[in-house]
Each structure stands twice: as structure tokens, then as C-alpha cells.
Amino acid sequence: MNTQLNEIWQKTLGLLKNELTEISFNTWIKTIDPLSLTGNTINLAVPAEFNKGILESRYQTLIKNAIKQVTFKEYEIAFIVPSQENLNKLTKQTESAGNEDSPLSVLNPKYTFDTFVIGNSNRFAHAAALAVAEAPGKAYNPLFIYGGVGLGKTHLMHAIGHYILEQNSSQKVLYVSSEKFTNELINAIKDNRNEEFRSKYRNIDVLLIDDIQFIAGKERTEEEFFHTFNALYEANKQIILSSDKPPKEISLEDRLRSRFEWGLIADMQAPDLETRIAILRKKAQLENLTVPNEVIVFIADKIASNIRELEGALNRVIAYSSLTENEITVELASEALKDILSANKAKVLNCTTIQEAVARYFDIRPEEFKSKKRTRDIAFPRQIAMYLCRELTEMSLPKIGEEFGGRDHTTVIHACEKISEEIESNSETRRAVSEIKRNLLGK
């Protein structure tokens with residue numbers, strides 16, 4: 001974001017604060033971040049689609065008028081929810097408008113190390129990201145971050161970009177999604193601009209590519225990225241990649257997969273209750289919102305899936321409070337989230353549904369759990385299924401044993417103890433159990 005735009009926005013906020021009630025200003029206006037100026041349009045980042053809808057229908061004219069008072073000029077404004085797709089569109093518009101700045105893609109101003117909440121589920125990934133940001137090209141190269149949807153991978157990617165530029169603004173940092181990389185390559189081939197494409201991606205200091213798993217199966221993209229990777233790596237330039245799965249589970253050429261494993265691999269898990277509470281407190285603090293502690297604990301306890309849905313639930317509660325002009329209480333939060341909570345309750349968990357979910361994850365048949373087979377490809381998933389039956393249902397140990405081919409309750413105890421130990425010591429097991437639980441709970 002440029003300095004001029006920031007000054008305009010700060011003055012605009014001053015005007016809007018005098019026009020609106022405190023709760024309306026804090027709920028809707030203070031959550032906006034100025035992103036960029038494209039032609040005659042000011043692009044404003046908002047936290048969710050719900051906010052975007054309210055702002056467009058109720059506050060757009062007010063904001064435009066305030067900006068006009070500050071600048072003495074008529075500007076259009078665009079509210080953007082900073083998903084990768086929208087950021088890609090914005091980057092493309094900015095480039096077409098003749099922006100000759102460094103090749104940095106639009107970074108979400110909210111995604112910094114300062115706003116990242118550290119917990120057991122992401123501590124290692126955060127430490128690795130910070131180490132890379134402090135010494136790009138020298139610490140871990142490449143850094144490969146993986147984990148499920150909405151767990152903070154993109155936040156860390158943006159945070160690395162921000163940190164590097166804060167330390168040295170002359171660094172050429174390029175952040176893109178794998179989809180954008182692929183689309184630019186296709187256009188370069190079509191328009192005979194291959195050298196221009198290669199120059200863009202190989203004459204930089206730091207390359208961050210989100211969702212790298214999507215290049216799998218795209219032969220030309222894999223080939224081009226292989227050579228891009230080599231060029232940057234040999235020049236000691238930093239490469240950071242993110243994915244929803246570890247390199248060995250992505251269907252890539254062996255030579256590319258092995259390169260992804262050259263540096264450091266860090267996984268991110270679903271946040272535990274304490275981290276979820278800390279995330280909600282941080283969000284409320286950053287947006288200057290007063291949310292009672294019991295409401296934060298209530299939301300954190302009910303929404304255990306991922307950070308994106310967790311923050312979305314808080315936004316929903318705050319919006320509901322603002323629109324109904326009622327105080328934020330546990331009762332109000334329960335009412336605001338009733339469709340989400342009832343959907344979660346509707347999920348019936350029993351041994352059969354757990355066995356099916358585990359079997360689906362490991363690509364085996366549920367009947368195998370009741371067989372006498374003891375090979376690891378069957379025994380290990382069976383132990384995970386037993387562990388989840390024990391954790392997620394009220395079934396007794398003997399009853400669980402019956403559901404697994406009439407096995408003794410001591411076998412179930414052994415399975416639960418083994419998987420508990422594996423979760424503590426093995427990130428692959430931890431990730432598998434976490435993902436299966438998310439699938440089961442619909443989170």
C-alpha cells in the first residue's frame with residue numbers, strides 16, 4: 001500500500017468516525033484495509049463476503065463522499081475479500097494500469113507475523129517461516145509448508161513477504177498462486193513471450209507459490225517450474241511453497257518432488273482449543289472489538305475446524321449484534337450461529353461412520369477392519385479407527401472391539417495408546433488423524 005493512499009484513508013476514517021455510531025464504525029469501517037489504487041478505483045480489503053455485502057448496500061455512498069471530501073476528487077471504491085482469486089484479479093488490474101513497481105504481488109496487509117497467533121498446531125511452521133524471512137536464501141531452501149484448508153498457510157506466506165520487504169525494500173519478492181503461474185505460462189506460450197515469462201520468475205530474490213499441488217499433472221507447467229526452481233536455487237534465491245499435502249503425496253515428477261524435500265518441510269494442524277481462543281482474542285483486539293470472554297470461549301469450543309471458519313463465526317456474531325442492536329452474549333452467539341451448530345449436531349457419529357471415514361482416507365475397504373489381516377497397510381488404519389471410536393463416541397472398549405471383528409478390549413487399549421503416542425511424535429499421523437476428524441465432524 002502506498003503512503004498517499006494510507007494518508008487518504010486515515011483522513012477518511014476520521015470523517016466516518018464522526019458520522020457513525022461507535023458500534024457501526026468498529027464493526028464495519030474499522031475492519032477495512034486500503035489495498036491499492038487502480039486507475040480511478042480505490043481497492044479496499046474487507047474480512048468476509050458478509051461484510052462486503054453490508055458495506056456495498058449500506059455504507060458505499062457514505063465512504064465515497066468522505067473520500068471526496070478528503071481528496072476533492074470523485075473515486076470509485078471496490079470492496080475485495082482477499083481470497084487468492086481476488087488478489088490475482090487485483091494484481092492483474094494493477095499491472096495492466098501500468099504499475100512499474102517491484103514484482104511483488106498484492107500482499108494482504110493483515111497477514112503479518114505480528115497478527116499470527118502461535119500455538120502447538122503451528123509453532124514449528126511459524127518458527128521456520130520466521131527463520132527464512134530473517135535470512136532468505138540462507139536458512140532453509142526451499143521451505144515447504146503444508147496443511148489443510150484455512151489453517152494459516154497463506155497467512156505465513158504473506159508474513160514472510162512483508163517481513164523481507166520491511167528489512168530490505170529493494171528485495172524483489174514475488175508471491176503468486178500456482179494457478180496464476182500456470183495461466184501466465186499458458187499466455188506466454190500462446191503469445192510467444194516465453195523469455196519474458198522466464199525473466200519475470202527467475203530474476204527475483206524470493207519466490208512464494210501458494211497451493212503448489214495444483215501444478216501436478218500439468219506437464220508443461222511442471223517442466224517450466226523445474227527449471228525455474230533450479231535457476232533460483234543455484235543463485236541462492238529463497239523459494240517458499242505451500243500445499244495441502246506433503247511432497248511425497250503429490251503426484252509430481254520424481255525430480256521435482258525430490259527438490260521440494262531438499263530444504264525444510266513444516267506441517268500445520270487444526271488449532272487446539274487454547275489456540276482457537278487466542279486467535280479470537282487477537283482478532284477482537286486487532287479490530288478494537290469488545291467481545292466477552294465467555295462468548296469467545298463458546299465460539300472456540302463450537303467451531304473446531306479451521307481458522308477461516310472460526311473467524312467467520314466471530315464476524316457473524318458481531319454483525320448479528322450490530323444489526324439487531326443487541327449486546328454480544330452467549331445467547332446471542334448461539335442464535336447467530338444456530339444453523340452452523342445444528343448442522344454439526346446433525347452429524348451422527350458411530351463406529352460405522354468412523355470406519356468408513358478412515359477407510360476412505362487410506363483408500364481401503366471398511367470390511368478390512370474386521371478381517372484378521374495384520375499387515376501395516378490395514379493394521380495401522382484399524383488402530384486409528386479404534387482410537388477415534390474411543391475419542392468421538394461413548395462406546396465401551398469391549399463394544400468397540402466387537403465392531404472390529406470381535407477383538408478383545410485389550411487390543412483396543414493398545415491401539416489407543418499407540419496412536420496417542422504416534423500423534424505426539426509423528427507429524428504424519430497427527431495430520432492424518434486431524435484431517436479424518438475434520439471430515440467426520442464436518443469442519
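Residue positions begin at 1 at the first shown residue.
Note: Cβ is positioned from N, Cα and C throughout, glycine not excepted.
Taken from Swiss-Prot, the feature region 'Domain I, interacts with DnaA modulators' applies to 1-75.
Across the region 'Domain II' (75-105), mean pLDDT in this model comes to 57. Taken from Swiss-Prot, the feature region 'Domain II' covers 75-105.
According to Swiss-Prot, the region 'Domain III, AAA+ region' annotation covers 106-321.
Under the heading ATP binding site, Swiss-Prot lists Gly150, Gly152, Lys153, Thr154. The secondary structure of Lys153 (ATP binding site), as reduced to three states from DSSP, is helical. All chains included, 25 other C-beta atoms sit within 10 angstroms of the C-beta of Lys153 (ATP binding site).
If you look up Swiss-Prot, you'll see 322-443 marked as region 'Domain IV, binds dsDNA'.
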Output field, ATP shell: CB within 8 Å of site CB centroid, site Gly150, Gly152, Lys153, Thr154 dropped: Gly147, Val149, Leu151, His155, Leu156, Ser242, Met268, Asn306, Ile307, Arg308
Gly152 (ATP binding site) CB neighbourhood, other CB atoms within 10 A: 26
